[in-house]
Ligand code: KIV
Ligand code: ZN
């Protein structure tokens with residue numbers, strides 16, 4: 001008999017917009033979520049988990065809008081094992097060509113005792129009731145046993161059997177706390193598929209967190225054991241240490257098809273672009289040595305490696321940069337390039353901008369080309385991502401001057417506009433960056449805590465644009481900001497404001513003084 005577990009097709013379930021967006025500081029605006037969903041939909045992701053509709057009206061709107069727009073993927077909404085959650089998820093995905101409700105309940109003894117205060121029998125009843133409710137709304141229902149990897153397999157098997165009997169078509173086995181090893185996870189999936197009498201009526205799915213750095217290895221072990229759906233995120237973003245990285249799962253399956261004879265429908269040449277879109281939307285920098293999509297993933301520095309590469313790329317390269325969509329950095333344009341050439345370049349880089357965004361981006365490109373001799377693809381990508389990420393900012397930098405003297409004063413004179421009204425302040429700090437950030441706090445009237453501040457160059461060279469990242473925390477809420485500018489201090493100020501604006505968006509509050517306290 002052919003069951004899902006003996007075909008070689010692996011479905012990719014992307015949860016960047018749900019589990020990924022849940023990671024501290026990765027909150028995205030609706031516009032950013034739509035950009036991410038669009039690239040996921042076109043690159044061959046089978047199922048997009050677009051959000052958690054009951055969480056907020058914003059989440060609902062995002063899932064519903066993505067559901068309306070998606071052309072290919074199944075659009076999924078998450079729901080706790082609560083009737084109102086399931087109804088809300090059903091409402092959000094009903095606009096999709098193909099929709100899915102994903103409902104979950106904890107199954108491990110530790111969650112049952114301390115979080116849910118329920119017995120196993122009560123949980124079994126919940127599984128049947130909630131999956132039945134979801135199936136009455138839609139044909140495609142996924143059930144997850146939260147903290148499955150710390151659940152006795154006999155009980156997990158009973159829950160799984162009940163979920164399938166009630167109509168679940170996908171069974172997801174989360175390693176919620178990232179505790180599993182590949183051997184454990186392989187054994188768990190295999191045992192469940194063998195033990196559950198109706199297991200052939202559902203697809204088994206992996207959902208692995210990366211707390212011990214084994215999320216991808218565990219997911220692949222799950223596939224070898226018979227799972228045919230992998231839940232993952234672009235750049236591996238997600239709760240705590242994140243989720244299994246989509247690009248790593250896809251390229252491992254593609255590159256090591258000899259050891260892992262499975263395939264996905266992902267167009268791998270879209271991976272680099274998807275990584276950049278998600279990094280810009282979530283304001284989450286990608287670590288330089290990140291597999292597949294990190295800046296250094298295909299860089300060969302040592303003399304021996306470079307020598308080998310020049311003789312034959314296969315000496316040190318197991319996959320080509322082109323296979324993940326990295327084009328060799330080219331000198332693109334200069335100050336004489338016109339609108340048409342710029343539009344063509346944006347299209348080559350995979351951007352489609354609305355008219356007003358295009359005008360702004362073109363003006364910024366011209367300004368940059370006036371100041372910087374060589375404008376590379378990476379410069380244009382950074383500039384456009386910056387433009388798209390700051391479009392809705394309510395507090396904007398109007399003017400800034402910084403005076404800094406060795407052993408002396410560090411002063412920032414700042415002018416910002418807050419919901420269109422000008423505010424001017426001057427602040428002396430312990431250094432230039434302290435003066436800038438303190439001046440902004442003074443101007444806006446709130447004092448978030450600076451969790452992270454990092455600057456890197458978009459390209460090499462002393463005239464490279466600076467890319468600044470700022471993460472702020474206020475009353476337990478975290479927001480990240482990002483900005484690219486030819487000047488490091490201006491980039492820093494704009495990144496700080498961008499993070500600040502995101503705190504405002506999350507709170508839906510008036511701008512000035514809104515965050516005080
Ligand atoms: O990690 C987890 O258990 C989850 C569930 C909601 C599937 O994200
Ligand atoms: Zn998760």
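Quick reminder: no glycine exception, Cβ is built from N, Cα and C everywhere.
Per TrEMBL, the candidate among 57, 72, 235, 243 that belongs to the Mn(2+) site alongside 19, 207, 209 is 243. The highest number of surrounding Cβ atoms within 10 Å, among the binding-site residues 207, 209, is found at 207. For ligand 1, the nearby binding-site residues are 19, 207; that is, of 19, 207, 243, these have a C-beta under 6 Å from one of its atoms. Excluding 19, 207, 209, 243 themselves, the residues of that chain whose CB lies within 8 A of the CB mean position for the Mn(2+) site are, in sequence, 15, 174, 175, 176, 208, 210, 215, 231, 232, 233, 238, 239, 242, 244. According to DSSP, the secondary structure content of the region 'Regulatory domain' (396-517) in residues is 33 helix, 53 strand, 36 coil. When other Cβ atoms within 10 Å of the Cβ of residue 19 (Mn(2+) binding site) are tallied across all protein chains shown, the result is 24. With a 10 A radius on its CB, residue 243 (Mn(2+) binding site) counts 33 other CB atoms from all the protein chains.
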